[in-house]
Amino acid sequence: MTENIHKHRILILDFGSQYTQLVARRVRELGVYCELWAWDVTEAQIRDFNPSGIILSGGPESTTEENSPRAPQYVFEAGVPIFGVCYGMQTMAMQLGGHVEASNEREFGYAQVEVVNDSALVRGIEDALTADGKPLLDVWMSHGDKVTAIPSDFVTVASTESCPFAIMANEEKRFYGVQFHPEVTHTRQGMRMLERFVRDICQCEALWTPAKIIDDAVARIREQVGDDKVILGLSGGVDSSVTAMLLHRAIGKNLTCVFVDNGLLRLNEAEQVLDMFGDHFGLNIVHVPAEDRFLSALAGENDPEAKRKIIGRVFVEVFDEEALKLEDVKWLAQGTIYPDVIESAASATGKAHVIKSHHNVGGLPKEMKMGLVEPLKELFKDEVREIGLELGLPYDMLYRHPFPGPGLGVRVLGEVKKEYCDLLRRADAIFIEELRKADLYDKVSQAFTVFLPVRSVGVMGDGRKYDWVVSLRAVETIDFMTAHWAHLPYDFLGRVSNRIINEVNGISRVVYDISGKPPATIEWE
């Protein structure tokens, strides 16, 4: 019998902050399971979840507005510790008898708070000391409203000149509120505060570790599918690869992976996937060469959204045909991860249980009555990668830059042709190879090459020629919501350009994209 790794759990109520998923990831990093629910949960749902503690997230609303979100009153009656972050502190203060006002001074960015009273939350935690020996904490503020009076049974723990109640606490009830964001790295001791709350105040054990997550997933897969057969669409991406490895460990040859080679993959990618999963790890793989079918369907199409839909539709058709050839398959496995679940949850349901169709499978034929197996649906992307390493997948594969679902279909601008894909594959491979050689690959968040459907004049030997243009793209980003173009060294860019033009016959010009996001997107289509 495997250990119950969900025994100690934290509930995070989401009030809409851009950092809320980061709070959940930080709690997981502390080795404790947590779930992220919309703020409007019911008492019954909270009772059923039985949390060891509750975190109230930040949010963009103003608690001074009449219809702004409120924590369910039961939260404060559940008898468990509560940690309010920014908006979460404000709604806690207001709901428990304090007062919140819109502030004339919006506090955004770095601040230093002075600890004025002892509290279990920050005891022994400091970045510096005042002249008279009081602890100082470097924190990241982001708020317009501020608490102007705390509930009568709370004490002020820390303050700034413009924020008199930067931390408040009721030690007896184990209720804490902070007017800053402990989950971001700019709050230097933020992780220690979260650890203090989760591990010490809530008394949660560190049960959520890669090895234990794998044991738990394997046990749950075996319990769910028994001796039945399972089918999985294997793309070679992180999510489907880790799903394949977990299922293989759990059910062995009862798993069949269908690898659809659509002709839109990176250089030698199909061979690498088949070698690694088939030959090295011994998975049962059905290889479907379908390049001609995809390219025929894409012929003449220039619109990016239409191309995406065509690629998705043809994938589903090919996958369905292969699935129907297999006998007695009862289950479809998908690489759904926790952010997919969160994104798809309707806030009215409170709990994130509505799961969207994963981009790489789609609808199955009506005659195929199959159950769904989603072994990664509780995991964030960084956790999936850690699980992959534990299962023996190579680091370079797990930490590769993101690759779009439609593949080169959206990196060849306009109509997609085999000639264009072949040129792009080779140019992109040179760019990535040089990034790795220069130790720059892991210093940028994403790098790739784009094929431009324009011919440009070039000089080769004594003659002129008109050949194609490619653009190099490299960005630096934390969350992929905004991004800066990467300032790669000129000599490096020159080396890449020379290699592509000399080694890839058919390309005469290389340009570098220096657009940020916004206004541009990271991908060109």
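The backbone N, Cα and C atoms fix where each Cβ goes, glycine too.
Listed in Swiss-Prot for this protein:
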type	residues	note
DOMAIN	9-207	domain 'Glutamine amidotransferase type-1'
ACT_SITE	Cys86	active site, nucleophile
ACT_SITE	His181	active site
ACT_SITE	Glu183	active site
DOMAIN	208-400	domain 'GMPS ATP-PPase'
BINDING	Ser235, Gly236, Gly237, Val238, Asp239, Ser240, Ser241	ATP binding site
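Taking a C-beta cut-off of under 8 angstroms and a sequence separation of 6 or more, Gly236 (ATP binding site) has the following same-chain neighbours: Phe259, Leu265, Glu269, Ala270, Gln272, Val273. Listed in chain order, the residues near the ATP site other than Ser235, Gly236, Gly237, Val238, Asp239, Ser240, Ser241 are Leu234, Val242, Thr243, Ala244, Gly335, each with its Cβ within 8 Å of the site Cβ centroid.
Across the fold, the C-alpha of Ser235 (ATP binding site) and the C-alpha of His181 (active site) stand 37 Å from each other. When the C-alpha distances from Glu183 (active site) to the binding-site residues Val238, Ser240, Ser241 are tabulated, the minimum falls on Val238. Neighbour density for Ser240 (ATP binding site): within 10 A of its CB lie 23 other CB atoms from the protein chains shown. Around the residue listed as 'active site, nucleophile', the same-chain residues at least 6 positions away in sequence with a Cβ under 8 Å from its Cβ are Ser17, Ser57, Gly58, Gly59, Ser142, His143, Val178, Gln179, Phe180, His181.
For Ser241 (ATP binding site), applying a Cβ distance below 8 Å and a minimum sequence separation of six or more within one chain yields Leu234, Ser235, Phe277, Gly388, Leu393, Met397, Leu398. Taking the domain 'GMPS ATP-PPase' (208-400) as a whole, pLDDT averages 88 in the prediction.
Neighbour count (other Cβ atoms within 10 Å of the Cβ, all protein chains): 23 for Val238 (ATP binding site).
For Gly237 (ATP binding site), the Cβ neighbour count at a 10 Å cut-off comes to 17, with all displayed protein chains included.
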